[in-house]
C-alpha cells in the first residue's frame, strides 16, 4: 500500500516546481514577457485596492467627525433649551445616564447583522465581560470597578450641565476641551508616559485660556463660577480616562458597550436615590411626571447616547485622531448656533481665550514621534529639491554644449 500511495504536493510547492523546470531561451523569454504584464496588473490592482480602502476609511472618518460634532452640539443646545422649562441638571444627568443600558443591546444587534458566527446574548455578554478580568463581572467587581467610574461619569456630566446655566454653550464646550491637557498631565505624572515639550506648551496654553476666560468678566459674578464648573467637568473627565487606562486598559467595541451598559445599570440601581433626595429637599423640585418636558429629556439622552456610541465606533472604523477633531469642531458649531439663534456677542478676550484653548488642543493631537517624522520629511524634501536642481544644471549644461558645438566652439562648464 505504501508503494502505490500517492501524495499531492501543496499548491506552493507545485508552483515552485513548475517555475523551476528547465526551458529553452525562447521559451524563457516568452514566459518572462507573459509574466511581466500579469505581475504589473496584480501590483496595480493591489495598489488600487489599498488606495480605495484608505480613501473609504478617510471618507468614513470625515462622516464620523461630522456626526460626532453634530451630536455634541445638539446635546449642548438641547440642554440649554431644556433649562428654560426644567432646570434640574442632576435629574437630566441621571436620566441620560440610564440610556447607556441600551449600548450593549445595540452592539449585539449589530453583531447579529455583520457576523456569520452567531452567539447568544449570554455568550456575547460573558465574552465582553472579560474587561473586568478573567472571572468576568461579579458583584464585588461591580462595586469595586464600576462605582468609581460611575461617580466620575455623573460628576463630569453634572458639572457640565451646571456650567451651561452660567455660560454660553461656546464657552463651556471650549473649556471642556481642556480635558485633553489634563489627561496628558495626569498620564505623565501617574502613568509615567513619555514627556513631550510640545504637550507641556499645549497644557500651558489651556491654562492661559482658562484664566483669560475667567478674566473676561472681571473675576466676579456667574462667569467665574461657570468657568470653575466647566474646568471641574474637564478635570473629572480626565481623571475618568486616566483611571480607565490604568485599571481596565484598552477595550474593544464589545467591551466598551458592556462597560457602558454596566454603568447604566449601576446608575439606575444605586444612583436613583440621589434625585429623590434632591426632590424632597427642594433642591431640584419638579411637579408631576406628566408635566416634565419628556421630549427635551429624551432628545438630550438620545443625543448623548449617540455621541458615546459614535466615539467608540469611530475609533474602530477610522482614525482615533478624527474623533478628537470632531469633539473640537463642536466649539465653532456651538458658536455658530449662539450667534445666529441666540444673538450672542463675544468679547475679544473670550474669542482669544477660545482660540488659545483650541490651538492647545490641536498641539496635543500631535503624535509622539512628530519631531523625527517632521525632520525626515524635511530631509526628504531637501534631497528631492537637490536632485531636481542637479537635473536642471545637467540639462542646462548639455544645452550649452550643443549650442557651442553648433557655433564651432567648445564650452567647458565651471565646477
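Glycine too: its Cβ is placed from the backbone N, Cα and C atoms.
Residues or ranges marked as compositional bias 'Polar residues' by TrEMBL: 395-415.
According to TrEMBL, the feature region 'Disordered' maps to 22-44 (among others).
Residues or ranges marked as region 'Disordered' in TrEMBL: 391-415 (among others).
Annotated transmembrane segment per TrEMBL: 55-74 (among others), in sequence order. Long-range Cβ contacts of the transmembrane segment (55-74) within its own chain (Cβ-Cβ under 8 Å, at least 6 residues beyond either end) map to 169, 173, 299, 303-304, 306-307, 310-311, 313-314, 317-319, 322-323, 325-327, 329-330, 333-334, 337.
Cβ atoms under 8 Å from those of the transmembrane segment (86-108) belong to residues 79, 121, 124-125, 128, 153-154, 157-158, 161-162, 165, 253-254, 256-258, 260-261, 263-265, 267-268, 271-272, 274-275, 278, 284-286, 292-293, 296-297, 300-302, 304-305, 308-309 of the same chain, restricted to positions at least 6 beyond its ends. Annotated transmembrane segment per TrEMBL: 86-108 (among others), in sequence order.
The transmembrane segment feature in TrEMBL is assigned to 149-167 (among others). Long-range contacts of the transmembrane segment (149-167) within its own chain (CB-CB distance under 8 A, at least 6 residues past either end) are made by residues 76, 79-80, 83, 87, 89-90, 92-94, 96-97, 175-176, 222-223, 225-227, 229-230, 232-233, 236-237, 239-240, 243-244, 259, 263, 266-267, 270-271, 304.
Long-range contacts of the transmembrane segment (173-191) within the same chain, counting only residues at least 6 positions beyond its ends with a Cβ under 8 Å from a Cβ of the stretch, are 72-73, 76, 160, 163, 167, 199, 202-203, 205-207, 209-210, 213, 227, 230-231, 233-235, 237-239, 241-242, 245-246, 324, 327-328, 330-331, 334, 353-354, 357-358, 360-361, 364-365. The transmembrane segment annotation in TrEMBL covers 173-191 (among others).
Long-range contacts of the transmembrane segment (198-218) within the same chain: residues 171, 174-175, 177-178, 180-182, 184-185, 224, 227-228, 231, 347, 349-350, 352-354, 356-357, 359-361, 363-364, 366, 370, each at least 6 residues beyond the stretch ends and with a Cβ under 8 Å from a Cβ of the stretch. What TrEMBL lists as transmembrane segment is 198-218 (among others).
Taken from TrEMBL, the feature transmembrane segment applies to 224-244 (among others).
Taken from TrEMBL, the feature transmembrane segment applies to 256-280 (among others).
Per TrEMBL, the feature transmembrane segment maps to 286-306 (among others).
The feature transmembrane segment is assigned by TrEMBL to 313-332 (among others).
According to TrEMBL, the feature transmembrane segment maps to 344-366 (among others).
With a threshold of 8 Å between CB atoms, the same-chain residues lying at least 6 positions outside the transmembrane segment (256-280) that come near it are 88, 90-91, 94, 97-108, 125, 128-129, 131, 137, 142, 146-147, 149-150, 153-154, 248, 286, 308, 312.
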